[in-house]
Amino acid sequence: MEAASSSDSHSGEGESEIGSTCKSCCAMLEVPWVRCAVCRPPLDLCSRCFCFGVEFGQHESDHAYTVVKFDFPLYEASWSAAEEIQLLEAVQEYGLGNWSAISGRMRTKSPEECEGHYFRCYIDNPAQPLPEFPSPENNTRSAPVIFKLSDNPPRPAENSTLWSEMGGYSAARSDFNEEYENFIELEISDMDFNEDHTDDEDELDAAELFGSKAHEREEMTNLMRDELDAAELFGSKAHEREEMTNLMRDLKLAVIDVYRNCLLERQRRKKIVRDYGLINIRKLQVIFKSHYSHNLSFDFFRPFMRLFPPMTFDKYLESLLYEKRLRTEISRLLEYRKNGITKLRSVKHFHTMRQRRENMKSQRHLLTQVLNHVNDELSCQAWLARRGVIENSSKTPVLPPLAAPRKPPPRLNIEGLPGYERLNQLEREFCSETRLVPEAYLDFSKILISECDKIGSLRLAQARTLIKIDVNKTRKLFDFLVLHGQITKSS
(Lines of atoms letter the chains of each structure in order from A; the text may use other names.)
(Lines give C-alpha, C1' and ligand atoms only; values in the text may rest on other atoms or scores of the structure.)
Protein backbone atom coordinates (compact mmCIF):
# COMPACT_ATOMS: atom_id res chain seq x y z
CA MET A 1 0.00 0.00 0.00
CA GLU A 2 1.32 3.38 -0.91
CA ALA A 3 1.17 6.38 1.39
CA ALA A 4 0.42 9.44 -0.67
CA SER A 5 1.22 11.93 2.08
CA SER A 6 0.80 12.60 5.78
CA SER A 7 -2.10 15.00 5.82
CA ASP A 8 -3.02 17.39 8.55
CA SER A 9 -6.54 18.72 8.96
CA HIS A 10 -8.09 19.62 5.59
CA SER A 11 -11.63 20.80 5.14
CA GLY A 12 -13.57 20.09 1.97
CA GLU A 13 -16.59 18.47 0.50
CA GLY A 14 -17.13 14.88 1.51
CA GLU A 15 -14.32 14.86 4.15
CA SER A 16 -14.94 13.53 7.64
CA GLU A 17 -14.58 15.59 10.81
CA ILE A 18 -13.94 14.56 14.41
CA GLY A 19 -16.94 12.57 15.59
CA SER A 20 -17.48 10.79 12.28
CA THR A 21 -17.48 7.01 12.00
CA CYS A 22 -15.35 4.51 10.10
CA LYS A 23 -16.88 3.49 6.75
CA SER A 24 -16.04 -0.17 7.40
CA CYS A 25 -16.73 -0.97 11.08
CA CYS A 26 -18.80 2.16 11.91
CA ALA A 27 -16.58 2.83 14.95
CA MET A 28 -15.96 6.40 16.07
CA LEU A 29 -12.91 7.85 14.32
CA GLU A 30 -10.04 8.75 16.61
CA VAL A 31 -6.98 10.75 15.62
CA PRO A 32 -5.08 9.62 13.68
CA TRP A 33 -7.22 7.92 11.04
CA VAL A 34 -6.59 7.04 7.39
CA ARG A 35 -8.26 8.64 4.37
CA CYS A 36 -8.26 6.93 0.94
CA ALA A 37 -6.82 9.23 -1.73
CA VAL A 38 -8.31 7.25 -4.65
CA CYS A 39 -11.99 6.71 -3.78
CA ARG A 40 -14.46 9.50 -4.48
CA PRO A 41 -15.97 10.80 -2.27
CA PRO A 42 -13.04 10.42 0.15
CA LEU A 43 -13.37 7.36 2.35
CA ASP A 44 -12.15 7.31 5.98
CA LEU A 45 -11.00 4.22 7.87
CA CYS A 46 -10.02 3.71 11.47
CA SER A 47 -6.49 2.52 12.20
CA ARG A 48 -7.69 -1.01 13.06
CA CYS A 49 -9.48 -1.55 9.71
CA PHE A 50 -6.51 -0.04 7.89
CA CYS A 51 -4.11 -2.50 9.57
CA PHE A 52 -6.30 -5.46 8.57
CA GLY A 53 -6.46 -4.22 4.95
CA VAL A 54 -10.26 -4.30 4.64
CA GLU A 55 -11.76 -3.99 1.13
CA PHE A 56 -15.35 -3.14 0.22
CA GLY A 57 -17.13 -1.51 -2.68
CA GLN A 58 -14.62 0.22 -4.95
CA HIS A 59 -12.01 0.48 -2.19
CA GLU A 60 -8.95 -1.80 -2.35
CA SER A 61 -6.20 -2.28 0.18
CA ASP A 62 -3.46 -1.06 -2.19
CA HIS A 63 -4.99 2.39 -2.78
CA ALA A 64 -2.92 5.45 -1.95
CA TYR A 65 -3.84 7.04 1.37
CA THR A 66 -3.25 10.02 3.64
CA VAL A 67 -2.99 10.06 7.43
CA VAL A 68 -5.34 12.54 9.09
CA LYS A 69 -3.94 13.94 12.32
CA PHE A 70 -4.09 17.16 14.31
CA ASP A 71 -0.66 17.34 15.97
CA PHE A 72 0.35 20.71 14.44
CA PRO A 73 0.03 24.04 16.32
CA LEU A 74 -2.54 26.66 15.34
CA TYR A 75 -2.02 29.69 17.62
CA GLU A 76 0.67 28.72 20.14
CA ALA A 77 3.48 26.22 19.78
CA SER A 78 2.52 24.37 22.98
CA TRP A 79 -1.09 23.83 21.88
CA SER A 80 -1.86 21.39 19.03
CA ALA A 81 -4.94 21.58 16.84
CA ALA A 82 -6.41 18.50 18.57
CA GLU A 83 -6.08 20.25 21.96
CA GLU A 84 -7.71 23.38 20.53
CA ILE A 85 -10.75 21.34 19.43
CA GLN A 86 -10.88 19.56 22.79
CA LEU A 87 -10.71 22.89 24.66
CA LEU A 88 -13.62 24.37 22.68
CA GLU A 89 -15.72 21.24 23.22
CA ALA A 90 -14.97 21.32 26.98
CA VAL A 91 -15.91 25.03 27.24
CA GLN A 92 -19.15 24.31 25.40
CA GLU A 93 -19.93 21.40 27.71
CA TYR A 94 -18.94 22.79 31.14
CA GLY A 95 -19.39 26.51 30.51
CA LEU A 96 -16.97 29.43 30.61
CA GLY A 97 -15.23 29.78 33.99
CA ASN A 98 -15.38 26.13 35.11
CA TRP A 99 -11.67 25.70 34.39
CA SER A 100 -11.14 22.83 36.84
CA ALA A 101 -13.66 20.60 34.98
CA ILE A 102 -12.27 21.78 31.63
CA SER A 103 -8.73 20.89 32.76
CA GLY A 104 -9.96 17.47 33.86
CA ARG A 105 -11.43 16.95 30.40
CA MET A 106 -8.17 18.09 28.76
CA ARG A 107 -5.93 15.91 31.02
CA THR A 108 -2.78 17.54 29.60
CA LYS A 109 -3.30 21.18 30.68
CA SER A 110 -3.73 22.87 34.04
CA PRO A 111 -6.72 25.15 34.79
CA GLU A 112 -4.46 28.23 34.59
CA GLU A 113 -3.12 27.18 31.17
CA CYS A 114 -6.63 26.56 29.83
CA GLU A 115 -7.90 29.92 31.08
CA GLY A 116 -4.92 31.93 29.85
CA HIS A 117 -4.87 30.33 26.41
CA TYR A 118 -8.63 30.71 25.89
CA PHE A 119 -8.65 34.39 26.78
CA ARG A 120 -5.52 35.20 24.79
CA CYS A 121 -6.65 33.52 21.57
CA TYR A 122 -10.45 33.68 21.62
CA ILE A 123 -11.44 36.68 23.82
CA ASP A 124 -8.66 39.27 23.71
CA ASN A 125 -7.83 38.67 20.05
CA PRO A 126 -10.94 37.18 18.47
CA ALA A 127 -10.25 38.37 14.93
CA GLN A 128 -6.96 36.53 14.55
CA PRO A 129 -7.20 34.41 11.39
CA LEU A 130 -6.18 30.79 11.15
CA PRO A 131 -2.56 30.29 10.09
CA GLU A 132 -1.87 29.97 6.39
CA PHE A 133 0.46 27.20 5.34
CA PRO A 134 3.02 28.43 2.79
CA SER A 135 2.75 26.88 -0.64
CA PRO A 136 5.98 25.91 -2.42
CA GLU A 137 7.00 28.48 -5.03
CA ASN A 138 7.68 27.23 -8.52
CA ASN A 139 11.12 28.08 -9.81
CA THR A 140 10.51 29.65 -13.22
CA ARG A 141 14.11 30.64 -13.78
CA SER A 142 15.80 28.74 -16.58
CA ALA A 143 18.50 26.29 -15.64
CA PRO A 144 20.85 24.20 -17.76
CA VAL A 145 19.81 20.61 -18.43
CA ILE A 146 22.55 18.26 -17.28
CA PHE A 147 22.68 15.05 -19.30
CA LYS A 148 23.52 11.92 -17.41
CA LEU A 149 23.63 8.52 -19.02
CA SER A 150 21.11 6.26 -17.33
CA ASP A 151 22.11 2.84 -16.08
CA ASN A 152 18.56 1.50 -16.15
CA PRO A 153 18.38 -0.29 -18.46
CA PRO A 154 22.12 -1.01 -18.48
CA ARG A 155 24.24 -0.65 -21.60
CA PRO A 156 26.58 -3.65 -21.63
CA ALA A 157 29.17 -4.36 -24.29
CA GLU A 158 27.98 -6.40 -27.24
CA ASN A 159 28.38 -10.18 -26.93
CA SER A 160 29.04 -9.88 -23.18
CA THR A 161 27.34 -12.07 -20.58
CA LEU A 162 24.93 -9.33 -19.48
CA TRP A 163 24.17 -8.50 -23.12
CA SER A 164 23.19 -12.15 -23.69
CA GLU A 165 21.02 -12.15 -20.56
CA MET A 166 19.20 -9.07 -21.86
CA GLY A 167 18.36 -10.84 -25.13
CA GLY A 168 20.46 -8.51 -27.26
CA TYR A 169 18.55 -5.40 -26.14
CA SER A 170 19.98 -2.09 -27.38
CA ALA A 171 19.22 0.75 -24.98
CA ALA A 172 20.19 3.39 -27.56
CA ARG A 173 17.53 2.17 -30.03
CA SER A 174 15.09 0.94 -27.35
CA ASP A 175 14.76 -2.25 -29.34
CA PHE A 176 16.28 -5.70 -29.76
CA ASN A 177 19.03 -6.52 -32.25
CA GLU A 178 17.32 -9.81 -33.03
CA GLU A 179 13.54 -9.93 -33.19
CA TYR A 180 11.24 -12.89 -32.80
CA GLU A 181 11.34 -14.72 -36.19
CA ASN A 182 14.05 -12.31 -37.26
CA PHE A 183 14.21 -13.33 -40.97
CA ILE A 184 10.50 -13.53 -41.72
CA GLU A 185 10.65 -10.30 -43.76
CA LEU A 186 12.71 -12.14 -46.38
CA GLU A 187 9.70 -14.31 -47.16
CA ILE A 188 7.62 -11.33 -48.31
CA SER A 189 10.32 -9.05 -49.75
CA ASP A 190 9.87 -10.34 -53.36
CA MET A 191 6.11 -10.80 -53.22
CA ASP A 192 4.15 -9.09 -56.08
CA PHE A 193 0.38 -8.63 -56.31
CA ASN A 194 0.38 -7.10 -59.87
CA GLU A 195 -2.03 -9.18 -62.01
CA ASP A 196 -1.79 -7.10 -65.27
CA HIS A 197 0.62 -9.48 -67.05
CA THR A 198 0.17 -11.59 -70.17
CA ASP A 199 1.37 -15.00 -71.04
CA ASP A 200 3.52 -14.39 -74.17
CA GLU A 201 4.06 -18.04 -74.84
CA ASP A 202 0.33 -18.72 -74.99
CA GLU A 203 -0.14 -15.81 -77.42
CA LEU A 204 2.63 -17.09 -79.72
CA ASP A 205 1.15 -20.58 -79.71
CA ALA A 206 -2.25 -19.16 -80.57
CA ALA A 207 -0.84 -17.14 -83.50
CA GLU A 208 0.91 -20.18 -84.97
CA LEU A 209 -2.22 -22.23 -84.58
CA PHE A 210 -4.40 -19.70 -86.41
CA GLY A 211 -1.76 -19.25 -89.15
CA SER A 212 -1.53 -22.92 -89.89
CA LYS A 213 -5.29 -23.30 -89.96
CA ALA A 214 -5.70 -20.41 -92.44
CA HIS A 215 -3.57 -22.25 -95.06
CA GLU A 216 -5.34 -25.58 -94.64
CA ARG A 217 -8.90 -24.97 -95.72
CA GLU A 218 -9.50 -28.07 -97.75
CA GLU A 219 -12.96 -28.84 -96.52
CA MET A 220 -15.63 -26.78 -94.78
CA THR A 221 -16.50 -29.49 -92.30
CA ASN A 222 -12.87 -29.92 -91.21
CA LEU A 223 -12.48 -26.16 -90.75
CA MET A 224 -15.58 -25.90 -88.59
CA ARG A 225 -14.50 -28.86 -86.50
CA ASP A 226 -10.99 -27.43 -86.02
CA GLU A 227 -12.37 -24.03 -85.02
CA LEU A 228 -14.62 -25.59 -82.39
CA ASP A 229 -11.71 -27.64 -81.01
CA ALA A 230 -9.51 -24.49 -80.82
CA ALA A 231 -12.23 -22.56 -78.97
CA GLU A 232 -12.56 -25.34 -76.41
CA LEU A 233 -8.76 -25.53 -76.04
CA PHE A 234 -8.31 -21.81 -75.37
CA GLY A 235 -11.30 -21.75 -73.03
CA SER A 236 -9.84 -24.50 -70.85
CA LYS A 237 -6.43 -22.75 -70.75
CA ALA A 238 -8.03 -19.47 -69.68
CA HIS A 239 -9.91 -21.24 -66.90
CA GLU A 240 -6.75 -22.96 -65.69
CA ARG A 241 -4.87 -19.63 -65.74
CA GLU A 242 -7.60 -17.98 -63.66
CA GLU A 243 -7.57 -20.81 -61.10
CA MET A 244 -3.79 -20.60 -60.83
CA THR A 245 -3.98 -16.83 -60.34
CA ASN A 246 -6.56 -17.19 -57.55
CA LEU A 247 -4.48 -19.91 -55.88
CA MET A 248 -1.34 -17.76 -55.91
CA ARG A 249 -3.28 -14.81 -54.48
CA ASP A 250 -4.64 -16.95 -51.63
CA LEU A 251 -1.17 -18.29 -50.93
CA LYS A 252 0.29 -14.77 -50.77
CA LEU A 253 -2.50 -13.62 -48.48
CA ALA A 254 -1.79 -16.59 -46.19
CA VAL A 255 1.88 -15.57 -46.04
CA ILE A 256 0.85 -11.99 -45.21
CA ASP A 257 -1.39 -13.32 -42.43
CA VAL A 258 1.52 -15.31 -41.01
CA TYR A 259 3.66 -12.16 -41.06
CA ARG A 260 0.92 -10.18 -39.31
CA ASN A 261 0.67 -12.80 -36.55
CA CYS A 262 4.45 -12.63 -36.16
CA LEU A 263 4.26 -8.84 -35.67
CA LEU A 264 1.54 -9.29 -33.05
CA GLU A 265 3.68 -11.85 -31.22
CA ARG A 266 6.63 -9.46 -31.26
CA GLN A 267 4.46 -6.73 -29.80
CA ARG A 268 3.12 -9.07 -27.11
CA ARG A 269 6.59 -10.18 -26.06
CA LYS A 270 7.89 -6.63 -25.91
CA LYS A 271 4.89 -5.61 -23.81
CA ILE A 272 5.60 -8.40 -21.31
CA VAL A 273 9.28 -7.44 -21.16
CA ARG A 274 8.41 -3.76 -20.65
CA ASP A 275 5.59 -4.21 -18.11
CA TYR A 276 7.48 -6.65 -15.89
CA GLY A 277 10.90 -5.00 -16.17
CA LEU A 278 12.57 -8.06 -17.65
CA ILE A 279 15.21 -6.04 -19.50
CA ASN A 280 17.31 -5.60 -16.36
CA ILE A 281 16.71 -9.12 -15.06
CA ARG A 282 19.39 -8.84 -12.37
CA LYS A 283 17.70 -5.86 -10.78
CA LEU A 284 14.38 -7.71 -10.81
CA GLN A 285 15.99 -10.72 -9.13
CA VAL A 286 17.51 -8.50 -6.43
CA ILE A 287 14.13 -6.88 -5.72
CA PHE A 288 12.37 -10.25 -5.66
CA LYS A 289 14.92 -11.86 -3.37
CA SER A 290 14.86 -8.92 -0.96
CA HIS A 291 11.09 -9.34 -0.52
CA TYR A 292 10.40 -13.04 -1.00
CA SER A 293 13.75 -14.88 -0.90
CA HIS A 294 12.99 -16.72 2.33
CA ASN A 295 9.43 -17.65 1.39
CA LEU A 296 8.89 -17.83 -2.40
CA SER A 297 10.98 -19.05 -5.34
CA PHE A 298 11.55 -16.56 -8.14
CA ASP A 299 12.33 -19.24 -10.74
CA PHE A 300 9.13 -21.11 -9.84
CA PHE A 301 6.77 -18.11 -10.18
CA ARG A 302 8.44 -16.42 -13.18
CA PRO A 303 6.46 -18.47 -15.79
CA PHE A 304 3.21 -17.21 -14.23
CA MET A 305 4.04 -13.60 -15.13
CA ARG A 306 2.47 -13.92 -18.56
CA LEU A 307 -0.86 -14.95 -16.99
CA PHE A 308 -1.37 -11.78 -14.91
CA PRO A 309 -0.96 -8.04 -15.40
CA PRO A 310 1.97 -6.62 -13.43
CA MET A 311 -0.07 -5.19 -10.54
CA THR A 312 -2.18 -8.35 -10.29
CA PHE A 313 0.96 -10.50 -10.24
CA ASP A 314 2.40 -8.41 -7.40
CA LYS A 315 -0.88 -8.77 -5.50
CA TYR A 316 -0.78 -12.52 -6.13
CA LEU A 317 2.71 -12.81 -4.64
CA GLU A 318 1.76 -10.65 -1.67
CA SER A 319 -1.31 -12.83 -1.11
CA LEU A 320 0.82 -16.01 -1.15
CA LEU A 321 3.26 -14.45 1.28
CA TYR A 322 0.40 -13.34 3.54
CA GLU A 323 -1.11 -16.83 3.39
CA LYS A 324 2.20 -18.39 4.44
CA ARG A 325 2.49 -15.98 7.35
CA LEU A 326 -1.06 -16.80 8.42
CA ARG A 327 -0.33 -20.52 8.29
CA THR A 328 2.78 -19.99 10.41
CA GLU A 329 0.81 -17.93 12.91
CA ILE A 330 -2.00 -20.52 13.03
CA SER A 331 0.47 -23.35 13.65
CA ARG A 332 2.06 -21.30 16.44
CA LEU A 333 -1.35 -20.67 18.04
CA LEU A 334 -2.21 -24.37 17.73
CA GLU A 335 1.00 -25.21 19.55
CA TYR A 336 0.05 -22.82 22.35
CA ARG A 337 -3.43 -24.31 22.52
CA LYS A 338 -2.01 -27.83 22.62
CA ASN A 339 0.12 -26.85 25.62
CA GLY A 340 -2.88 -25.38 27.44
CA ILE A 341 -2.23 -21.70 26.66
CA THR A 342 -5.52 -19.83 26.18
CA LYS A 343 -4.39 -16.21 26.65
CA LEU A 344 -1.66 -14.33 24.84
CA ARG A 345 -0.33 -12.83 28.04
CA SER A 346 0.74 -16.34 29.13
CA VAL A 347 2.90 -16.91 26.03
CA LYS A 348 5.97 -15.18 27.43
CA HIS A 349 5.81 -17.24 30.63
CA PHE A 350 5.36 -20.40 28.53
CA HIS A 351 8.51 -19.72 26.49
CA THR A 352 10.47 -19.00 29.66
CA MET A 353 9.40 -22.26 31.28
CA ARG A 354 10.07 -24.28 28.13
CA GLN A 355 13.58 -22.84 27.82
CA ARG A 356 14.23 -23.67 31.44
CA ARG A 357 12.98 -27.23 30.92
CA GLU A 358 15.22 -27.72 27.88
CA ASN A 359 18.21 -26.45 29.85
CA MET A 360 17.48 -28.95 32.61
CA LYS A 361 17.26 -31.79 30.10
CA SER A 362 20.64 -30.88 28.69
CA GLN A 363 22.25 -31.25 32.12
CA ARG A 364 23.13 -34.94 32.59
CA HIS A 365 23.34 -36.34 36.14
CA LEU A 366 23.30 -39.73 37.83
CA LEU A 367 19.54 -39.86 38.32
CA THR A 368 18.99 -39.18 34.62
CA GLN A 369 21.30 -42.05 33.66
CA VAL A 370 19.58 -44.41 36.11
CA LEU A 371 16.16 -43.54 34.71
CA ASN A 372 17.42 -44.02 31.15
CA HIS A 373 18.74 -47.54 31.90
CA VAL A 374 16.23 -48.82 34.42
CA ASN A 375 13.92 -50.24 31.74
CA ASP A 376 16.72 -52.10 29.93
CA GLU A 377 18.26 -54.85 32.12
CA LEU A 378 21.40 -55.33 30.02
CA SER A 379 22.06 -51.60 29.79
CA CYS A 380 21.46 -51.28 33.52
CA GLN A 381 24.01 -54.01 34.30
CA ALA A 382 26.60 -52.45 32.02
CA TRP A 383 26.04 -49.05 33.62
CA LEU A 384 26.39 -50.49 37.13
CA ALA A 385 29.62 -52.20 36.07
CA ARG A 386 31.01 -48.93 34.75
CA ARG A 387 30.05 -47.12 37.94
CA GLY A 388 31.74 -49.85 40.00
CA VAL A 389 34.94 -49.54 38.01
CA ILE A 390 34.93 -45.77 38.45
CA GLU A 391 34.32 -45.94 42.21
CA ASN A 392 36.99 -48.63 42.84
CA SER A 393 39.56 -47.16 40.47
CA SER A 394 41.52 -45.65 43.35
CA LYS A 395 41.88 -49.06 45.14
CA THR A 396 42.17 -51.57 42.32
CA PRO A 397 43.83 -51.51 38.91
CA VAL A 398 41.84 -49.80 36.24
CA LEU A 399 39.82 -52.28 34.19
CA PRO A 400 38.20 -51.48 30.91
CA PRO A 401 34.47 -50.94 31.41
CA LEU A 402 32.10 -53.46 29.97
CA ALA A 403 30.71 -52.37 26.70
CA ALA A 404 26.94 -52.25 26.52
CA PRO A 405 25.54 -54.83 24.11
CA ARG A 406 24.34 -53.49 20.81
CA LYS A 407 20.62 -53.12 20.55
CA PRO A 408 19.01 -54.93 17.63
CA PRO A 409 17.81 -52.56 14.91
CA PRO A 410 14.07 -51.94 14.81
CA ARG A 411 11.97 -53.93 12.38
CA LEU A 412 11.38 -52.38 8.96
CA ASN A 413 7.80 -51.61 8.01
CA ILE A 414 7.58 -53.09 4.50
CA GLU A 415 3.82 -53.02 4.14
CA GLY A 416 2.84 -51.34 0.88
CA LEU A 417 6.36 -51.36 -0.59
CA PRO A 418 6.89 -52.67 -4.16
CA GLY A 419 6.89 -56.48 -4.22
CA TYR A 420 5.17 -56.86 -0.82
CA GLU A 421 2.19 -58.76 -2.27
CA ARG A 422 4.47 -61.34 -3.91
CA LEU A 423 5.93 -62.53 -0.57
CA ASN A 424 4.50 -65.17 1.72
CA GLN A 425 4.23 -64.69 5.48
CA LEU A 426 7.67 -66.18 6.29
CA GLU A 427 9.38 -64.05 3.66
CA ARG A 428 7.65 -60.93 4.99
CA GLU A 429 8.87 -61.66 8.51
CA PHE A 430 12.41 -62.26 7.23
CA CYS A 431 12.49 -59.01 5.21
CA SER A 432 11.14 -57.04 8.18
CA GLU A 433 13.72 -58.46 10.62
CA THR A 434 16.71 -58.09 8.29
CA ARG A 435 15.51 -54.64 7.08
CA LEU A 436 15.50 -55.75 3.44
CA VAL A 437 12.95 -54.27 1.04
CA PRO A 438 10.75 -56.86 -0.73
CA GLU A 439 11.82 -55.96 -4.26
CA ALA A 440 15.53 -56.33 -3.38
CA TYR A 441 14.82 -59.67 -1.63
CA LEU A 442 13.11 -61.01 -4.74
CA ASP A 443 16.00 -59.94 -7.00
CA PHE A 444 18.73 -61.37 -4.73
CA SER A 445 16.94 -64.66 -4.11
CA LYS A 446 16.34 -65.05 -7.85
CA ILE A 447 20.07 -64.57 -8.53
CA LEU A 448 21.09 -67.13 -5.89
CA ILE A 449 18.48 -69.72 -6.95
CA SER A 450 19.40 -69.45 -10.65
CA GLU A 451 23.12 -69.80 -9.87
CA CYS A 452 22.42 -72.81 -7.67
CA ASP A 453 20.42 -74.45 -10.46
CA LYS A 454 23.36 -73.98 -12.87
CA ILE A 455 26.13 -75.49 -10.74
CA GLY A 456 24.00 -77.77 -8.51
CA SER A 457 25.05 -76.27 -5.16
CA LEU A 458 26.20 -72.97 -3.71
CA ARG A 459 28.58 -71.78 -0.99
CA LEU A 460 28.33 -68.67 1.15
CA ALA A 461 31.50 -67.20 -0.37
CA GLN A 462 30.00 -67.56 -3.84
CA ALA A 463 26.77 -65.89 -2.68
CA ARG A 464 28.73 -62.92 -1.36
CA THR A 465 30.39 -62.44 -4.76
CA LEU A 466 27.04 -62.56 -6.55
CA ILE A 467 25.18 -59.94 -4.48
CA LYS A 468 27.02 -56.86 -3.27
CA ILE A 469 25.24 -56.04 -0.02
CA ASP A 470 26.09 -56.18 3.69
CA VAL A 471 27.84 -59.48 4.50
CA ASN A 472 25.57 -60.10 7.50
CA LYS A 473 22.45 -59.67 5.36
CA THR A 474 23.99 -61.98 2.71
CA ARG A 475 24.63 -64.66 5.33
CA LYS A 476 21.06 -64.38 6.72
CA LEU A 477 19.57 -64.55 3.22
CA PHE A 478 21.75 -67.56 2.33
CA ASP A 479 20.77 -69.42 5.52
CA PHE A 480 17.09 -68.57 4.99
CA LEU A 481 17.06 -69.99 1.45
CA VAL A 482 18.97 -73.10 2.55
CA LEU A 483 16.58 -73.63 5.48
CA HIS A 484 13.53 -73.56 3.23
CA GLY A 485 15.11 -75.78 0.54
CA GLN A 486 15.28 -73.19 -2.22
CA ILE A 487 19.04 -73.64 -2.68
CA THR A 488 21.49 -76.47 -1.81
CA LYS A 489 24.53 -75.74 0.33
CA SER A 490 27.86 -77.19 -0.79
CA SER A 491 29.34 -79.76 1.58
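From the backbone N, Cα and C atoms, a Cβ is placed for every residue, glycine too.
Database features (TrEMBL):
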DOMAIN    74-126  domain 'SANT'
DOMAIN    76-122  domain 'Myb-like'
DOMAIN    403-491  domain 'SWIRM'
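Looking just at the domain 'SANT' (74-126), the mean pLDDT is 86. Helix, strand and coil counts from DSSP across the domain 'SWIRM' (403-491) read 51 helix, 2 strand, 36 coil.
Residue counts for the domain 'SANT' (74-126) under DSSP, helix first, then strand, then coil, are 35 helix, 1 strand, 17 coil.
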